[in-house]
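One structure is given below, encoded as structure tokens.
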Amino acid sequence: MSQSVESRTRIKSERYESGVIPYAKMGYWDADYVIKETDVLALFRITPQPGVDPIEASAAIAGESSTATWTVVWTDLLTACDLYRAKAYRVDPVPNVADQYFAYIAYDIDLFEEGSIANLTASIIGNVFGFKAVKALRLEDMRMPVAYLKTFQGPATGLIVERERMDKFGRPFLGATVKPKLGLSGKNYGRVVYEGLKGGLDFLKDDENINSQPFMRWKERFLYSMEGVNKASAAAGEIKGHYLNVTAATMEDMYERAEFSKEVGSIICMIDLVIGYTAIQTMAIWARKHDMILHLHRAGNSTYSRQKNHGMNFRVICKWMRMAGVDHIHAGTVVGKLEGDPLMIKGFYNTLLESETDINLPQGLFFAQNWASLRKVVPVASGGIHAGQMHQLLDYLGDDVVLQFGGGTIGHPDGIQAGATANRVALESMVMARNEGRNYVAEGPQILRDAAKTCGPLQTALDLWKDISFNYTSTDTADFVETPTANI
């Protein structure tokens, strides 16, 4: 009894003094906090303003992303305030960087509505990124408790079911984005789809910004694209698909387009990240109900994920999108034209594909994560890749990926079908070499040259793009190892 009185007295004297007191003193810092299995954990990279103690800055982030405001409020006493306060429990300096710190924060599960990415993000990234106490702030990683994950649907279809529907096993999926992304008529667009699929690709896809413009309305695109899919499937004797982008201005429009895509026989539809978390979850629920694969283009992500000191690491987006329920997400190529450190991208892929992940600091995984049996998301590698890189792509990314060669198919001098054939032959020759036990990474260029002896389109592709690489040092690399972007 005496301890209870003493505890209440301490809380009242330290936590509920009127006016403005430090966040750490208000209880948002607790170095002795014992993490619960049901806690949501977040890791922030903080850059405090000059003169701001990193512990106080961490406590401020914990407070402002949970229950605090700038001054003490007596209405906290009407809540289970000790439970609901987020707790910053650990602060580490960032290796080899001055004035940056990793702040570990724990949130009670009851702070979040079940099954809502929108509610989760309203707290975790809602106000704190504009907080004056920090010069910059970045959300690096999160751990979701199993109890919380069980309130989410997860991927509508998942990798295993997609492979069964497509009847494609033992190799990556092959795809391409229609180019140019804007300006084609419906008939010409459908011709591109047909040529690419007939040449050997599994998928063609719309790009992120093709919706329903004056040069080609959405229904026209859907009809001509599916005509191409059906003709190519019949000619090749394989199951083929085209990602029909149903992104639109309103949910009503997206529903209409998605339902029409189903009516005309598509097995997959597509949305953009920019439609927002609630719309993404809504379309994922629709996709599962209608047995459709749901592809997500990460349009817009680099506006907040690329810079190392402020914004949000893409691995967090990967986690949220697996919870939200998409089946595909663009997650980097390593060797292509877009940002992508090898270790960082490996961390993204593991986040999307593994049932459990352990702490792996070189890959940027700060927490162990049990995915509570949520289905796997298929990563998509797209942007500046070509047949001559096939050994690198297979080595870095493995089998469970969609390799999308847009320009690397449609830019082929002998035509779209030839470009698709070059990519299919390159992939199958590399997979065969791997399955035979050869060192396909070291022997990759020779394996491709040998395959090209009986495949003219592949020889043309190798000659055309042999000197093309995008070997820049990534802006976002692991803090615990030096890993320049590799393009051998």
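Glycine is no exception: its Cβ is also placed from the backbone N, Cα and C atoms.
What Swiss-Prot says about this one:
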type: ACT_SITE; residues: LYS179; note: active site, proton acceptor
type: ACT_SITE; residues: HIS297; note: active site, proton acceptor
type: BINDING; residues: ASN127, THR177, LYS181, ARG298, HIS330, SER382; note: substrate binding site
type: BINDING; residues: LYS205, ASP207, GLU208; note: Mg(2+) binding site
type: MOD_RES; residues: LYS205; note: N6-carboxylysine
type: SITE; residues: LYS337; note: site 'Transition state stabilizer'
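Structure with Swiss-Prot features highlighted.
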| residue | record | DSSP class |
| --- | --- | --- |
| ASN127 | substrate binding site | coil |
| THR177 | substrate binding site | strand |
| LYS205 | Mg(2+) binding site | strand |
| HIS297 | active site, proton acceptor | strand |
| HIS330 | substrate binding site | strand |
| SER382 | substrate binding site | strand |
Legend entry - Pairwise Cα distance for ASN127 (substrate binding site)/GLU208 (Mg(2+) binding site) [Å, integer]: 29
Legend entry - Distance [Cα-Cα, Å, rounded] between ASP207 (Mg(2+) binding site) and LYS181 (substrate binding site): 6
Inset, instruction - Sorry to bug you, but what's the C-alpha spacing from LYS205 (Mg(2+) binding site) to THR177 (substrate binding site), rounded to the closest Å? - result: 5
Legend entry - Residues flanking the Mg(2+) site, with Cβ no more than 8 Å from the Cβ centroid of LYS205, ASP207, GLU208 and excluding those residues themselves: THR177, VAL178, LYS181, ASP206, ASN209, ILE210, TYR243, ASN245, MET270, HIS297
Legend entry - Greatest C-beta neighbour count within 10 angstroms, which of the recorded positions LYS179, ARG298: ARG298
Inset, instruction - For GLU208 (Mg(2+) binding site), write down the residues of its own chain that are at least 6 apart in sequence and whose Cβ falls under 8 Å from its Cβ; none is a fine answer. - result: LYS181, ASN245, THR247, ASP272, HIS297, ALA299
Inset, instruction - Sorry to bug you, but what's the C-alpha spacing from LYS179 (active site, proton acceptor) to LYS205 (Mg(2+) binding site), rounded to the closest Å? - result: 10
Legend entry - Same chain, 6+ residues apart, C-beta under 8 Å of the C-beta of HIS330 (substrate binding site), given in sequence order: LEU296, HIS297, ARG298, PRO379, VAL380, ALA381, SER382, GLY383
Legend entry - Among LYS181, LYS205, HIS297 [recorded positions], residue with fewest other Cβ within 10 Å: LYS181
Inset, instruction - Please work out the number of neighbouring Cβ atoms within 10 Å of the Cβ of THR177 (substrate binding site), leaving out its own Cβ. - result: 24
Legend entry - Residue, out of the binding-site residues ASN127, SER382, whose Cβ gathers the largest set of other Cβ atoms within 10 Å: SER382
